[in-house]
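> This is the structure I want to talk about, given as structure tokens.
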Amino acid sequence: MLKQRPFLIETLTAVGLIVAPFVLPHLGFAPNTVNRILVWGLFGLGFDILFGFTGLLSFGQSAFYGTGGFVAAYLLTRAGFSNVLGALVIGMIAAAATGYLIGLIALRRTGIYFAMITVAIAEVFFFVEFNPLSDFTGGENGLPGVPAPSFNLGFTTIHFTDGWSLYQFIALCYFIGIIIALRIVRSPVGAILSAIRDNPLRASAVGHNIHGYKLTAFVIAAAYAGFAGGLLGVLQAFMPPDAFTFDTSGQLVMQTAIGGRGTLFGPLVGATVWLFLQDFLQSALGLGAAWKLVLGVVFVLLVCFLRGGIIGGLVDLYGLVFGKHKRTEAEPDAEVTQPPAPAPMQARKVEHPAYSGPILKATGLTKRYGGLVANSDIDFSVNQGELRGIIGPNGAGKSTFFKMLTCEVPPTSGQIVFGGRDITGLKVTEVCQLGLTKSYQVNQLFTGLTVRQNLTIAALAELRGKFRLDLFRTLSGVKGLTEQVEHTLALVNLTRRADTPVSELAYGEKRRLEIGLALATSPRLLLLDEPLAGMSPRERVETVKLLKSIARGRTMIIIDHDMDSLFELVERVTVLQEGRVLVSGTPEEIKTNAAVQEAYLGGVHGEIAA
Ligand code: ADP
């Protein structure tokens with residue numbers, strides 16, 4: 001929704017902010033309430049990029065809100081600084097720098113451990129603010145006397161004092177905040193953040209430095225929090241110590257969940273509900289502190305029945321009424337049997353142009369899991385342009401071998417040389433950047449995205465490298481991206497399903513997309529781990545045809561159990577048994593090899609795959 005009509009959202013936001021002072025008073029909103037909602041909304045923009053878009057639930061945002069707020073307030077009340085906007089920006093920078101340092105620590109863990117670290121860090125900040133730093137922060141008293149902003153234009157000075165006058169300043173800040181946030185979520189970085197939320201493992205396997213991007217989201221969230229914290233001081237003419245409390249972090253999480261995560265406007269809507277209920281229930285109905293009981297019930301109901309929050313519910317409703325998702329039909333099988341022949345994609349730069357040996361050479365590769373030896377002393381090499389098959393009974397160590405080659409798991413001993421370069425011990429992201437990647441035995445897709453968006457994520461890794469902060473570039477501004485995505489769509493025969501969400505794909509289509517994700521990174525060596533797994537006989541025949549068309553001009557290693565299909569595809573086969581190489585040879589040699597027959601069938605039957 002955010003991407004289709006970019007300027008519509010900006011325009012509607014501007015119109016909304018302009019008409020709000022004329023409409024909201026009639027609905028019972030005091031200007032001060034509206035200003036507070038906007039501050040929460042601005043605070044939440046960064047948090048939504050972190051939580052909604054990147055999937056990182058932090059309970060520590062109060063640390064940055066407080067840091068930005070107190071730095072700005074200190075400058076304005078105690079350090080003789082008179083430029084309010086300048087102080088807010090300095091507070092924001094201080095919060096972002098703090099976010100960078102905290103992020104370095106917190107992002108070492110994921111999931112609940114990440115959340116727990118953020119809670120602990122926020123508590124530390126709260127303690128530090130109240131005790132060692134109380135001379136600077138005013139401790140329990142906070143910092144009174146924060147001035148309102150004013151701008152000297154030479155011929156006149158504009159003062160934004162309070163109420164609707166101050167609203168103009170805060171609304172402008174919010175508007176700039178939303179413009180920046182929209183740019184970020186529509187940028188290549190924004191696309192990658194969503195991929196990290198959906199499937200961090202695959203995002204790093206296609207070549208993105210996910211730690212760097214997560215840290216970026218963390219710093220962005222801290223920066224927004226810092227600026228909003230400064231605005232809170234300006235709004236109240238007083239920087240309150242409770243900006244640092246856990247309640248602040250918790251309230252932000254709940255408001256975002258109520259409004260709808262991953263929408264940017266969710267925190268604003270959530271804050272509106274929260275503050276309206278607070279005012280209405282506390283004053284109008286005289287419930288006092290019991291208002292939180294009602295809020296709790298509202299929260300539980302919303303989370304149970306509207307998992308995407310209020311905005312998510314509205315979007316679903318819109319989809320129901322106007323049939324937003326035009327469902328595309330599954331492609332007819334006939335198309336699969338006649339895959340198009342797209343123009344060859346530009347090959348990846350070769351690391352060592354002078355190198356002429358095998359593209360991949362593994363020596364003495366061994367992997368132990370405790371006492372179990374999954375791979376033992378494997379010597380293996382593949383030449384440029386070769387199509388190699390790997391077979392072996394279940395548990396023979398085939399997948400482990402692939403995982404070591406792509407550096408998903410480190411070998412216990414041995415060496416892997418790719419394109420003349422020793423890649424042993426590198427990370428999966430770096431190896432993919434060098435041009436070696438695989439498709440997974442069990443699909444590893446970005447399930448919340450469409451087919452095109454999936455391939456875009458993979459192609460971006462090749463076109464932009466593993467980390468780049470092009471936060472304000474649009475996806476269409478990435479040179480070669482559209483061509484690469486379209487080319488891959490055609491290669492895996494998913495062009496007509498390009499805008500279909502992954503969740504709506506048939507199984508065979510998902511398998512093709514799985515291969516497409518690896519292909520979109522333009523690998524020099526492609527490993528396919530059981531590409532035919534789980535397919536019906538008919539789908540297998542079609543996928544083998546597809547693989548044949550993909551194989552032209554590529555170097556590939558394919559694991560599969562379906563020997564008929566595999567022998568049709570590859571030029572040489574390596575047989576693994578109990579973690580060792582049993583034999584290597586042409587399909588014909590393997591079919592008639594007595595040791596292979598023994599391994600598969602105990603030697604009682606005739607030729608395998610006969
Ligand atoms: P294949 O792909 O040929 O079926 P695998 O490589 O998956 O074989 O497994 C080889 C052996 O290593 C099996 O005995 C398996 O149980 C073991 N293994 C694989 N991964 C792990 C792991 N992460 N921890 C412990 N044992 C493992």
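Placed from the backbone N, Cα and C atoms, the Cβ positions cover glycine too.
Below are the features I grabbed from TrEMBL:
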- 360-603: domain 'ABC transporter' (DOMAIN)
- 7-25: transmembrane segment (TRANSMEM)
- 37-56: transmembrane segment (TRANSMEM)
- 87-107: transmembrane segment (TRANSMEM)
- 112-128: transmembrane segment (TRANSMEM)
- 166-185: transmembrane segment (TRANSMEM)
- 215-238: transmembrane segment (TRANSMEM)
- 258-277: transmembrane segment (TRANSMEM)
- 289-315: transmembrane segment (TRANSMEM)
> For the transmembrane segment (166-185), find every same-chain residue at least 6 residues outside the stretch whose CB is under 8 Å from a CB in it, and list them.
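For the transmembrane segment (166-185), the far contacts come to 2, 6, 9-10, 13-14, 17, 20-21, 31, 34-35, 38-39, 41-42, 45-46, 48-49, 53, 148-149, 160, 193, 220, 224, 227, 231, 234-235, 264-265, 268, 471-472.
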> Quickly jot the same-chain residues contacting the transmembrane segment (37-56) by Cβ under 8 Å, restricted to those at least six beyond its ends, or write none.
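Same-chain contacts beyond the ends: 65, 107, 114, 167, 170-171, 173-174, 177-178, 181, 184-185, 190, 193-194, 196-198, 213-214, 217-218, 220-225, 227-229, 231-232, 235, 251-253, 255-256, 259-268, 270-272, 274-275.
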> Grab the same-chain neighbours of the transmembrane segment (7-25) for me: Cβ-Cβ under 8 Å, and only residues 6 or more beyond its ends, written as numbers and ranges.
31, 34, 164, 167, 171, 174-175, 178-179, 182
> Which bits of the chain, at least 6 residues beyond where the transmembrane segment (112-128) starts or stops, bring a Cβ under 8 A of a Cβ in it?
56-63, 66-67, 102, 105-106, 244-246, 249
